[in-house]
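Taking it in order: structure first as structure tokens, then the write-up.
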Amino acid sequence: MHQKNTIIVLLVSLSSLLANGQLDYYYYSSCPNLPMIVRYGVWAAMKNDTRIAASLLRLHFHDCFVNGCDGSVLLDDTKTFKGEKKAGPNRNSVRGFDVIDNIKADVERACPSTVSCVDILTLAAREAVFLSGGPNWPVALGRRDGLTANLKAANENLPTPFEPLANITAKFAAVGLDLRDVVALSGAHTIGLAQCFTFKNRLFNFKGTGQPDPNLDSSLASSLKTSCPNVDKSNTNLNSLDMVTTYQFDNAYYKNLVNNGGLLESDQALMGDPQSTAIVNDYSMYPYLFYNDFSASMVKLGNIGVITGQNGQIRRKCSQLNM
């Protein structure tokens, strides 16, 4: 009898945890093919577009930093709110919406009205890293899609390449992330490309000196001046964030920083603080330490401000609310 009561108490405790909206690794037990559908969708997209892995990872980051991981970045404008797609850090920059839409359509065919867009985006970010040669980590699921977007927060909360490390660290701290998370998640810049306007200020007249940024390797600066000449029409030209292994998820980004080879000012700024410098040095020498910390930080990122239980909704189409 005592054992039976214990089991009942455990079941009640478990059900109350689920009712209170805790994320669960087995949340979509009724949709067992979900992980493979997402993995195939990301793999197929990467076959067509080598940049898309970095874009999906960034899309997830930009979602979670604004009102939490709620799929708000995916929403188009409506009569009642402005979406986040046209915010300064996102406009003509954030991409991958079509990939999420395509995966969502495949998931809907397999499991109608079951899986949220934000969970698909969270899984897609993990697959983007893993399929680029990076680590794999378990993703707890059960996030619900939000009912609005926040253009103002997207303009204010997202870190930019032009900010000092203290500002970026403060923005991370505001969502529960610490300095180690800043350094680990910056390692996402081991893949992908950046537009010239995000770092051109380092090449020609850094802070009014008339010279390049002294913390930028001189040979790299010369190379970048060729691909990013000091004219406005070069602003959207693309350059590798990691010149060594542009599409391979590895620790070369940190090796670059040690050698003054960070592309963005905000990247190289990690070498201007003793604590962050120590972490960068560790990651440059020990790739598996980076993988471990990056995975842990991605779990923390994916848990920011999640909507669970009966709140929010399961959008049928990721760019619009259910009517």
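Using the three backbone atoms N, Cα and C, a Cβ is placed for every residue, glycine included.
Summarising the annotation, TrEMBL assigns signal peptide to 1-21.
Look at TrEMBL and you will find 20-322 tagged as domain 'Plant heme peroxidase family profile'.
Summarising the annotation, TrEMBL assigns disulfide bond to C31-C111 (among others).
According to TrEMBL, the feature site 'Transition state stabilizer' maps to R58. Sequence-distant contacts (6 or more apart, same chain, Cβ under 8 Å) of R58 (site 'Transition state stabilizer') comprise V94, G96, A188, G192.
What TrEMBL lists as active site, proton acceptor is H62. Cβ neighbours within 10 Å of H62 (active site, proton acceptor), excluding its own Cβ and spanning all shown chains: 22.
Per TrEMBL, the feature Ca(2+) 1 binding site maps to D63, V66, G68, D70, S72, E84.
Residues or ranges marked as disulfide bond by TrEMBL: C64-C69 (among others).
As annotated by TrEMBL, disulfide bond applies to C117-C318 (among others). Neighbour list (C117 (disulfide bond), Cβ cut-off 8 Å, at least 6 residues apart, same chain): G71, L74, I100, K104, D145, R315, C318.
The substrate binding site annotation in TrEMBL covers P159. Note: P159 (substrate binding site) has non-local neighbours F65, N167, I168, K171, F172, S266, i.e. same-chain residues 6+ apart with C-beta under 8 A of its own C-beta.
Annotation source TrEMBL lists heme b binding site at H189.
Among the features that TrEMBL reports, Ca(2+) 2 binding site is placed at T190, D242, T245, D250. All chains included, 18 other C-beta atoms sit within 10 angstroms of the C-beta of T245 (Ca(2+) 2 binding site).
Summarising the annotation, TrEMBL assigns disulfide bond to C196-C228 (among others). Within the same chain, residues at least 6 positions away in sequence whose Cβ sits under 8 Å from that of C228 (disulfide bond) are C196, F199, K200, L203, S234, N237, N239.
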Among D63, D70, E84, D242, D250, the one of these binding-site residues whose Cβ has the fewest neighbouring Cβ atoms within 10 Å: D250
Neighbour count (Cβ, 10 Å) for T190 (Ca(2+) 2 binding site): 28
Cβ contacts of S72 (Ca(2+) 1 binding site) (under 8 Å, same chain, 6 or more positions away): D63, V66, G83, E84, G146, T148, A149, N150
Averaged pLDDT, computed only over the residues in the domain 'Plant heme peroxidase family profile' (20-322): 95
